[in-house]
Amino acid sequence: MTRSPIDIEPRRPSPIPGAHGLEGVTPRETLTGQPVVVNDAFIQSLERVCASVDVDDNSRRDYARDWWPLGMVWATTGHVARMPAAVARPRSVDEVAAVLRLANDAGVPVTAAGGRSGVLGNSLPVFGGVVLDLTQLSGITDLRGDDLTVDVMAGTFGDDFEAALQKQDYTAGHWPQSMKLATVGGWIACSGAGQMSTRYGTMADITKGVTVVLADGRVVETSEYSHSSTGPDMTQLFVGSEGTLGVIVSARLHIHKKAEYSESGAWAFDSFDEGADAIRRFSQRGARPAVVRLYDATESRRNFDTRDQHILLIHDEGDPAIVAGIMAVVREECDGKLSDKALVDRWLDNRNSVHALDDLILDRAPDTMEITAPWSRLARIYHDATAAMMAVDGTRTATAHISHAYPGSAGLYFMFGGRPELEDRPRWYREVWNAGARSVLANGGNLAHHHGVGLQRARLMGEALGSGLDLLQSVKDALDPNGILNPGKLGLSNPFGPTPDWADKAAPQA
Ligand SMILES: Cc1cc2nc3c(=O)[nH]c(=O)nc-3n(C[C@H](O)[C@H](O)[C@H](O)COP(=O)(O)OP(=O)(O)OC[C@H]3O[C@@H](n4cnc5c(N)ncnc54)[C@H](O)[C@@H]3O)c2cc1C
């Protein structure tokens with residue numbers, strides 16, 4: 001049952017849409033504030049401790065962007081948020097530690113990056129410095145079937161990792177839409193949630209341990225068994241930390257036997273609230289099918305060509321007896337409002353497609369906002385937040401679906417878009433996000449369900465966490481006293497200056 005190790009060839013991150021606007025130009029930076037000055041002597045020292053360091057314009061330009069939609073818009077006029085001084089690609093934990101020691105001593109910011117599929121500017125080097133590309137740390141170092149546990153390097157891409165597990169008849173059960181774009185380290189650092197999280201859990205549930213390099217180069221391990229009572233869980237400190245507390249170099253994850261059996265069903269409700277309540281009822285009876293997705297009428301029409309119906313898709317997999325029991329509970333609570341099961345197959349076939357996003361993002365300015373809503377306030381949050389976003393000048397559509405269900409709450413995923421002029425988009429993005437997020441917070445929801453905070457939501461962290469942000473700052477100050485790790489993120493203060501307000505100046509001109 002033990003397989004150790006399994007090689008997985010390292011890959012470079014996938015290209016990010018919108019790059020054509022940057023071809024052949026020296027990009028201009030949009031962010032306020034100044035990057036930290038990095039001198040030649042530092043770069044030479046960096047090259048001595050890390051085998052692969054790029055300082056050419058092309059590499060620095062690439063790592064000045066991630067999948068944040070506003071960054072793609074900026075790129076069309078030859079702009080990026082901020083260029084790093086260098087991109088370092090360590091090939092070992094020792095190299096990661098050496099880079100961090102060097103940067104810590106010199107006071108140079110270091111921003112960890114995996115696939116750069118973050119959609120909120122999470123891996124942007126806000127104050128310049130070094131981007132630490134972890135994608136060369138790839139592979140499974142240990143797979144223990146009896147313990148349903150795998151040790152995996154942080155830079156392993158999601159699709160390669162899952163394929164390697166499936167070959168051994170296991171699955172991690174983590175299926176983000178960005179499976180091919182993202183790395184295991186990025187999954188943990190953003191506290192991600194896959195499409196099957198209702199059965200398999202989010203990365204907070206799946207992650208049982210991490211090996212982390214701290215800002216001063218110390219390497220710490222936090223691995224634990226399924227449950228322990230040996231003080232607070234240090235692993236969870238790094239889940240969702242977005243590279244601000246340490247650099248994750250490997251992780252111990254909980255895995256499952258690959259499912260041999262599955263069942264699906266689709267239901268149609270007359271209102272979103274009615275469908276949501278059915279999910280609440282079956283979740284509270286203990287039914288946790290892998291996929292739970294309720295689309296409001298607009299999204300149902302867009303995805304399935306239905307009219308005035310709110311479509312619920314359910315798909316479960318695993319042991320036949322358990323799946324049959326769960327589906328029986330789902331059927332009872334959905335009360336006979338059966339729709340066409342083929343809709344589930346259609347969704348399953350297309351669920352990881354990202355091919356049309358390039359044109360769509362530039363044409364219609366779509367963006368998404370995922371939050372967690374307690375069941376008692378979910379209907380209100382859905383109605384008020386979509387109305388608040390629609391009220392912003394330039395918005396054409398604001399819709400939502402439930403994509404993750406828990407006994408006490410659900411993950412609500414808003415999709416919105418408009419056709420503001422290119423130069424008006426920073427204003428529009430900011431206003432629509434402020435309107436939506438503040439409406440959710442005012443009604444008792446949270447700021448983020450699974451995309452993290454990044455640069456985009458940093459300004460809202462004080463409103464969302466209150467005194468919890470002070471506690472987080474204390475942890476940050478203790479682990480990273482020089483503030484070098486991904487400064488400008490999570491609403492944390494740092495020595496390099498205030499977090500840039502990404503829409504506080506005139507829109508960039510071509
Ligand atoms: C089309 C699309 C669909 C998506 N669908 C989903 C989805 O279904 N579910 C979901 O959860 N997310 C989704 N995302 C968001 C994104 O893919 C996730 O946040 C993912 O976990 C990021 O992984 P990454 O390797 O790309 O990290 P990056 O984007 O490179 O980095 C994200 C953050 O993590 C930090 N980080 C990265 N690696 C490390 C490390 N080794 N140590 C410390 N910090 C690190 C970075 O500093 C940054 O703050 C989607 C994104 C896109 C573009």
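Using the three backbone atoms N, Cα and C, a Cβ is placed for every residue, glycine included.
Per TrEMBL, the features are:
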REGION    1-26  region 'Disordered'
COMPBIAS  1-12  compositional bias 'Basic and acidic residues'
DOMAIN    80-258  domain 'FAD-binding PCMH-type'
BINDING   Glu242, Gly243, Thr244, Leu245, Gly246, Val247, Ile248  FAD binding site
SITE      Arg293  site 'Important for enzyme activity'
ACT_SITE  Tyr413  active site, proton donor/acceptor
REGION    489-510  region 'Disordered'
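Each of Ala112, Ala189, Val212, Phe238, Ser241, Leu485, Asn486 belongs to the same chain as Glu242, Gly243, Thr244, Leu245, Gly246, Val247, Ile248, is absent from that list, and has a C-beta within 8 angstroms of the C-beta centroid marking the FAD site.
Remote same-chain residues near the region 'Disordered' (1-26) are listed as 57, 61-62, 65-67, 71-73, 75-78, 80, 113-117, 133, 135-146, 153, 155-157, 160-161, 164, 168, 180-181, 357-358, 361-362 (criterion: CB distance under 8 Å, separation of at least six residues from the stretch ends). Close contacts with ligand 1, defined as a Cβ under 6 Å from any of its atoms, occur at Gly243, Val247, Ile248 among the recorded positions Gly243, Val247, Ile248, Tyr413. Arg293 (site 'Important for enzyme activity') has a Cβ environment of 24 other Cβ atoms inside 10 Å. For Tyr413 (active site, proton donor/acceptor), the same-chain residues lying six or more positions away in sequence with a CB closer than 8 A to its CB are Thr368, Met369, Glu370, Ala400, His401, Ile402, Ser403, His449. For Thr244 (FAD binding site), applying a Cβ distance below 8 Å and a minimum sequence separation of six or more within one chain yields Lys476, Asp480, Leu485, Asn486, Lys489, Leu490, Leu492. DSSP assigns Thr244 (FAD binding site) to coil in the three-state reduction, outside any helix or strand. Cβ contacts within 10 Å of Glu242 (FAD binding site), excluding its own Cβ and spanning all protein chains shown: 25.
If you draw a 10 Å sphere around the CB of Val247 (FAD binding site), it holds 29 other CB atoms from the protein chains shown. Residue density at Leu245 (FAD binding site): 24 other Cβ atoms are found within 10 A of its Cβ, drawing on all protein chains shown. The predicted model assigns the domain 'FAD-binding PCMH-type' (80-258) a mean pLDDT of 97.
Taking a C-beta cut-off of under 8 Å and a sequence gap of six or more, Gly246 (FAD binding site) has these contacts in its own chain: Val212, Val213, Leu214, Ala215, Val220, Phe238, Leu479, Asp480, Leu485. Applying DSSP to the region 'Disordered' (1-26) sorts its residues as follows: 4 helix, 3 strand, 19 coil.
Cα separation, Glu242 (FAD binding site) to Arg293 (site 'Important for enzyme activity'), rounded: 27 Å.
In the shown protein chains, 30 other C-beta atoms lie within 10 A of the C-beta of Ile248 (FAD binding site). According to DSSP, the residue listed as 'active site, proton donor/acceptor' is assigned to a strand segment.
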